[in-house]
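Okay, so here's the structure we're looking at.
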Amino acid sequence: MMALMVHLKTAAHLRGKGDRIAKVTFRGLSFYSRVAENCEEVAHFNEVFRWPIASRLDGNEMLEIQVYNYSKVFSNRLVGTFCMVLQKVAEEGHLELTDTLIDDNNTSIKTSVTIEIKYQSMDGTVGVWSDGEFLDVPDDRDGMFAFETDSLLSGQSHASGTSPGRSLQGSIPTFRKAGKGVFSAMKLGKIKSSKDDHKKGDEPAVLEMEAMRLAGPLDPDTISLASVTAVTTNVSNKRSKPDIKMEPGSGRPVDYQISITVIEARQLIGLNMDPVVCVEIGDEKKYTSMKESTNCPYYNEYFVFDFHVPPDVMFDKIIKISVIHSKNLLRSGTLVGNFKMDVGTVYSQPEHQFYHKWAIMSDPDDITAGCKGYVKCDIAVVGKGDNIKTPHKANETDEDDLEGNLLLPEGIPAERQWARFYVKIYRAEGLPKMNTTIMANVKKAFIGENRDLVDPYVQVHFAGQKGKTSVQKSSYEPIWNEQVVFTELFPPLCKRMKVQIRDSDKVNDVAIGTHFVDLRKISNEGDKGFLPTMGPAWANMYGSTRQYTLMDEHQDLNEGLGEGVSFRSRLLLSIAVEILDTTSPELMSSTEVQVEGVSNISESATGKIDEFFLFGSFLEATMIDRKIGDKAISFEITIGNYGNQIDGVSKPSSAKKKRKDGESEEEESELIQNSSEDEADEDADLVSVSSTPPMKPVVTDRNYFHLPYFEKKPCVYIKSWWQDQRRRLYNSNMMDKIADKLEEGLNDVQEIMKTEKAFPERRLRGVLEELSVGCSRFVILANKDVNQAGRTKLDRERLKSCMREMDSMGQQAKQIRTQVKKNTIREKLKLVQNFLQKLRFLADEPQHSIPDVFIWMMSNNKRIAYARIPSKDILYSIVDEETGKDCCKVKGVFLKLPGKKGFGPAGWTVQAKLELYLWLGLNKQRKDFLSGLPNGFEEIKSAKMGPGLHSVPPVSLLYNMKQVFQLRAHMYQARSLFAADNSGLSDPFARVFFSTHSQVTEVLSETLCPTWDQLLVFDDVELFGEASELRDDPPIIVVELYDQDTVGKAEFIGRTFAKPTIKMCEEYYGPPRFPPQLEYYQIYRGNCTAGELLAAFELLQIGQGGRADLPPLEGSTDSERGPILPVPLGIRPILSRYRIEVLFWGLRDLKRINLALVDRPRVDIECAGRGVQSVLIQNYKKNPNFSTLVKWFEVDLPENELLHPPLNIRVVDCRAFGRYILVGSHAVTSLRRFIYSAPDKTSNNWATAAKLMNGYMVLANGGSQPRSSPSLSSRTLSRPAGDIIVDLDAEHPVRKMDTVVKLDATSDAVVKVDMTEEESDKEKKKKKKKKKGGMEEDDETDERVLDWWSKYFASIETLKETLRAQDAAQAEAEEREDLEIAAEAADIKHDDLPLKGSKTKEKSKEKKSYKDKKKGQAADGSEKRPVKAKVDELMVYNKELEAEYGNFADWLHTFNLYRGKAGDDDEHALDDDRIVGRFKGSLCMYKLPLSEEVTREAGFDPNMGMFQSIPHNDPINVLVRVYVVRATDLHPADINGKADPYVVIKLGKSEVKDKENYISKQLNPVFGKSFDIEATFPMESMLTVSVYDWDLVGTDDLIGETKIDLENRFYSKYRATCGISSKYSVHGYNIWRDPMKPSQILGKLCKDGKIDGPHYGPGGKVKVANRIFLGATEMEDENGLKKQTEEHLALTVLNHWEEIPRVGWKLVPEHVETRPLLNPDKPGIEQGRIEMWVDMFPMDMPAPGPAIDISPRKPKRYELRVIIWNTDEVILEDDDYFTGEKSSDIFVRGWLKGQQEDKQDTDVHYHSLTGEGNFNWRFVYPFDYLMAEEKIVISKKESMFSWDETEYKIPPRLTLQVWDADHFSADDFLGAIELDLNRFPRGAKTAKQCSINMIRNEHELPTISIFKQKRVKGWWPFVARDENDEMELTGKVEAELHLVTAEEAEKSPVGLGRNEPDPLEKPNRPDTSLMWFLGPLKSIRYFIWHNYRWLILKVLGLVLLLLLLGLFLYSLPGYLVKKMLGV
């Protein structure tokens, strides 16, 4: 058996005397040694540990030994750790060594261990083998590791307890895969220092690095960016991290805009209705117009709602879309159905929107009814700063699939069921007084007794409905036992339910407290999920303070806005959901809210009541605001109402009785007065002490006071009684801790990536390792106390789902860990961040138990400031992981002002800072509640207590141990500070607080990036506690930055925290820890970042020798600065000489300063105290450019780029008499992007050029080298090396784009780019022949028909396809990656990864990257769709051109100049108002001396430095041609929800208003215009394109505008003057627009770039540099004649210019850009978008041709002729009066959608008895039609008051209806059919074949378009819906549709009906159809005989029989007589 044995002999050089214990860890399994008792210097352990191992020892694995100081009572303290890589052992099998340990700061300490290691392999030998041989051990049982628990009771070691290798589950020994073993040693409960995180790497390289760092002296320039992590990571366990963000985030109102487009409705239930859609958000309602007699109306109306409310309020608002039938002025109409969703659901969608989705209407009054129709709409919610991308959707056909595009978030089923939500409200406790005492006295006088002063009821809001319980009069402990029942679709589309206790009052009811229930947290939608359920559980409510005032300033808090500052009450409630069976008959079908009574629940249902003990100790109270410093101050701690002396609630009379049943609540008055008899059996007489004794504060400095808590620290303790539901909090604590750990790790990884340090992927692997370990630990621990009393269904279900989630998260983390590579780290980081969100979501426990703890600072019996601490954070548990993160620890707490007072500047300043120790737990577990305090104190008990009580908690602690320190704060510099003065700068100084001391740096005036370079020394700082503990855990340092003002007090800029590095007196001051390194600390102001501080802090202990022993301070070296100490040399960075060159180009858009215009500006550049000034601009108005372009200065900067100080740009205006006025300033915080790196001389060969060329691409798509392919043509291999062939043949019929790049040894390469679908004419002809019917061949291909719009629409199609293909490619890439990971599992060579992984990767990415490069061509999917005519395309960007080309800052950068104070807003969104102008220029910095070869280059101009070949900045005249295509989604500007937009173009002084061509009532106007403006750069270079709304009366309103900086475009190397098209043609729609031909442009580019070429060769070749391009050489002119040309070749090169080495840039193609329109009144919120492009032509060049015509396509006039021949099987409606005969008087009505007023009816076919009707009747509908958009264009006035006609575009749909005519009553509607003329089913040949399936299965049937077919005849069904909502067939119609153009209609006119010309013959109708009194006999025959013939025959027979009988009887007597008489 293989085994590893470690003989641990001794540990030496230990400090102090004590018990020691060691822990040895290998592969995640730890053994503890026995305790070595009372040893001093040396601990002899002498123990052997053995690990049997199942897989071979890998050289990468590690052994970790930790030595602890052992303690019976407290947790063990780590002395140090020894880690070693077992490489040597793996090779040699045996090793003996002695080595030192390192402590948590990675510093080696004197302590050492001596060990001997043996490794015995399987065969007893140790050989050398390859890395990956044995790694593939089947690894199923990966999840089980042995975990050590922290409480090792009385020295029982694991080794003695468990046999080695036995895991906790007691199963067979399981081991983890090699290479993973390091991490399980990390204890989860502890927080380790960030520096320690490197140790977690699982590859040796990191460890070697560590070893080097520990061995050699530290390079003083290595810097770690200690962002927040510097403070947040701790060494020992006595302190927890402070929260740096101060201001409450929620509760502040924000701007929101909700835009809703109602497009159309379908399948509305009801006959012949007039529907209106109503959109309602909150209380605002807006209606669409009414559409007549249709149940599929088309609206396309746009509504915008603006809100200014806090986010929580916004997201709870309900959006309600309802359809109303026949609403008019007099009647409100009847509701057809509605749809509800909350705003939060929309906001959480991708892009915050639903686009083109169908909302299902349901009827709230009849839940059995089912779907009432569909409304198609877009909904978007925009907050400030969100920008919404309008998705380019695939063509409309997909959207007609209703079920597939429902308006529902992902994962919600389409068929939602109705459900009942039962909210049971049982009772409440601890309510506050809600009446003033005066009122109470009045009441008492009248009623005679003192009643409780509150009349509570509960109100529940859910999904836009609210229900409330009854009012319980005068009760602090009301009992309701009622349930509120909501009926709502499930799952509901609103996330939160609001439960509010309100006080009923005569005047107005007020909220007492509010609780939100998040339905996502109390349900789970997975397969193993559960319906929402909760409780019965108590919900704690927080709000304003409890004393009642008439005007409560914090009333909002009670409504649930903002963070509650005090406990208000708690409410016992439960929630359950039941899905309804809507088919059951006894169901109530309405959705009204019901309130019913419920039975009471037992006392124990919410858990067993237990006694809790809360202890707190105030170790320090500093930074007390000076406003409250003059009165005595005390602190009060409350939990619930316990401990609240001022405004708790007086005890209810029934409490004593209740206490006996174990219910104990609000008893504080008794507790405080110590009068409770029931407590005798508890701790004798334990009185709660909830507040500290009042004490006068002492002055710290000008702004702050502190309380003199020196050696005596006051304590408080409170006993309280709560239901024992700790398990909930424990589970949530465990998850929170895992999440904290994860967040910290992720911050580290991001920090490593940001500072570009090595191996971020290893750190991420470590983080994932920790995560998976933590998850498996959770699964083991969480499953406890399962049968505790009071566990609810939610507890059980949540536990199950949390365990499942955590388990799967652990598995995923393991899996992802194996996939983390250098190149995948970013995407994996995103995945892991999702884990973090999920963890935080899971950790939030929806059922409360113990209320939060509040700490109030009291002055003069008034509450001043507070802090709120969740009780779970300080809850104690014996299991370390379950303990709250602040329990048993000292926490720095900052107090803040309550409610709205805490917003803004008041919220940034600290009211007080406390160092506070808290412990909360069961009274029974109280014994070690002091364990976490710093050691060295004695307890002082209260004097009142009897002598015998030793279990009583102390009222104060007396520290008799104190240490004296000196703190040195090295304040080097700060950057990116907040502008606090009107000049846009600040006069910053920093104030450093440590304990009760504070000092300030000097004030540096007028800068945002001060370099103080100052050392602050704090002498004699006294800290209390043991020295060793202080070393591990010093208090935090607070640094606050202020802006000095001459008048008034300094203004707060920001705050940050830091931890000092500590040196005890016996330690050596030297590397690696000293001198400390400078670190960056993030500065916060409120919640937003406000800069960074570069500083270092060290805390040095002063021993017996006094200060003389400390490292010496250098004296003041700076004579001017007086006694200011600079930062000493070892700490300040190492400097070297840099030269900074500045390109001064010009100044733009300078605003007035103090009402005076800027006339003679100058720019000053300053960096690190050195700088340069530009020349003066003599006359800013005439020419704002500088005459001298380049200047430089030299400066000493740190070697480390991260430490570079910012560079300041200031613009001053030189006035008369030598006065200077600051115009504005800009700070360039990071100079890194301006650092010059010498060009690579070798990049002439193509291999490296390919790298460069892709360098730009790589950023875009994650690394794409074109893949090599075997299909290299042989001819290319014979070429001389170094030439590259780019073949753009047009002959290949290949549809795919193939990029072939072969880079072989000779660097010979071929790039073959096949253009798409460009067939030669021959092939086209062949195709035409092949096409059978010839019907599909569209006449669009005709050149004459094509116009610019054909090109535009084709390009948009391509864009959509590209987007679709990208999605597909992404999916494909993900699949690839999974395969790759599988492949990698078998192959572990990390180093040659790029070779292995990239091939597969590239294939998937290649498609996409190539698309990006050549978006202009439809490359993909072309096999699938029929070949469409080849239209030359342009590039449609769905963003601004600037975004695509990096703002055109390729060499000319724009720096915004700021002035004025920075806004107080959360984001710096208001900064736009502070911009006072722009400086254009650039920077270049490089280390001196520069290499010679740069300056030796030919044509090097020394005056221009690094800025060679830059154009002149003299004024230049330019013709600017602006093309405006169209605008979309404009913000409505008129009351009717529309706008009348027109375009205004401004450039400098010229302005073009296109007012007379406004487009009426249109939010998506097509402008199609071009405007020419002449301008002179640089004076006029900012182009503004605005869209205004035309108004008849009053001024026109601005809808939105966009600004384009033309100058940057003009000079850019991307050549953005005139886009380069993909094809060259000299006539037609694709005419070349640039005055320079492609060959001229190419020649100029080659000349400017100093490259060889172009050389045109025979056979269509051109050579540029060393690349050869191939292409066509002929071109057709207007007359179709072919002639030779080089233009195609030149254009090919231009389109591939970015591939040319060294000088290649991607040239801007012919394009249309989409720019957002913004309105200065609504900053940050898009008001629509405009599609446009700009061409610029210098006036000194030949003039360009006329502008191309992009005027909107005129709709084509058509005439649709519909002949109704016959009907059949029409249902019969009428009964005949006389005969009861069923018949119908049939007529057919028809219209084109949108033209209802033009409806036409046939004549009536009376008395059809069979449903057959004959008409031969013609309808004629003229209409205007836009072929490209497939829409009919209608112009009509909206109402009689409209000024002008409005243009509507609607889909062409023909509606035919069949009716039954009535003379006196209204006609009856029988049925209808609607045909979409572009795609409708072919009619049936005969009436028999015509069935309802033609409509039901419309999607499956083949469809035809009347625009292609021109003439169609057939039978179509009429349908209507019956009462059960089913479609039924109500008739059939035989019709003929004939479409003619207007010209054809003129040539062959026809008459309406049966009139001339071209009359139709009269129908041959059966005669019966005449009135029956005209031919009575005939009709009698027909009617009566036909129907009643048998009846008539029977009657006749009967009559004959009767006649016979009568005659018989009649003649009988006479006959008898005859017979008798015998006559």
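Placement of Cβ uses the backbone N, Cα and C atoms for every residue, glycine included.
Annotated compositional bias 'Acidic residues' per TrEMBL: 663-685, in sequence order. Here TrEMBL flags 1386-1425 as compositional bias 'Basic and acidic residues'. Annotation source TrEMBL lists domain 'C2' at 1-99, 238-359, 398-533, 949-1076, 1121-1247, 1501-1619, 1740-1891. Among the features that TrEMBL reports, region 'Disordered' is placed at 648-693, 1314-1341, 1383-1425. According to TrEMBL, the feature transmembrane segment maps to 1988-2010.
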Contact call for the domain 'C2' (1501-1619) and the domain 'C2' (398-533): at least 3 Cβ pairs under 8 Å, seq gap 6+: no
Helix, strand and coil counts within the domain 'C2' (949-1076) (DSSP): 6 helix, 61 strand, 61 coil
For the domain 'C2' (1501-1619), mean pLDDT (0 to 100): 88
Residue counts (helix, strand, coil, in that order) that DSSP gives for the domain 'C2' (398-533): 17 helix, 57 strand, 62 coil
For the domain 'C2' (1-99), the number of residues DSSP places in helix, strand and coil: 6 helix, 60 strand, 33 coil
Number of helical, extended and coil residues in the domain 'C2' (1121-1247), per DSSP: 15 helix, 55 strand, 57 coil
DSSP-assigned states of the domain 'C2' (238-359) in counts, ordered helix, strand, coil: 14 helix, 62 strand, 46 coil
Secondary structure tally of the domain 'C2' (1501-1619) (DSSP, helix then strand then coil): 12 helix, 53 strand, 54 coil
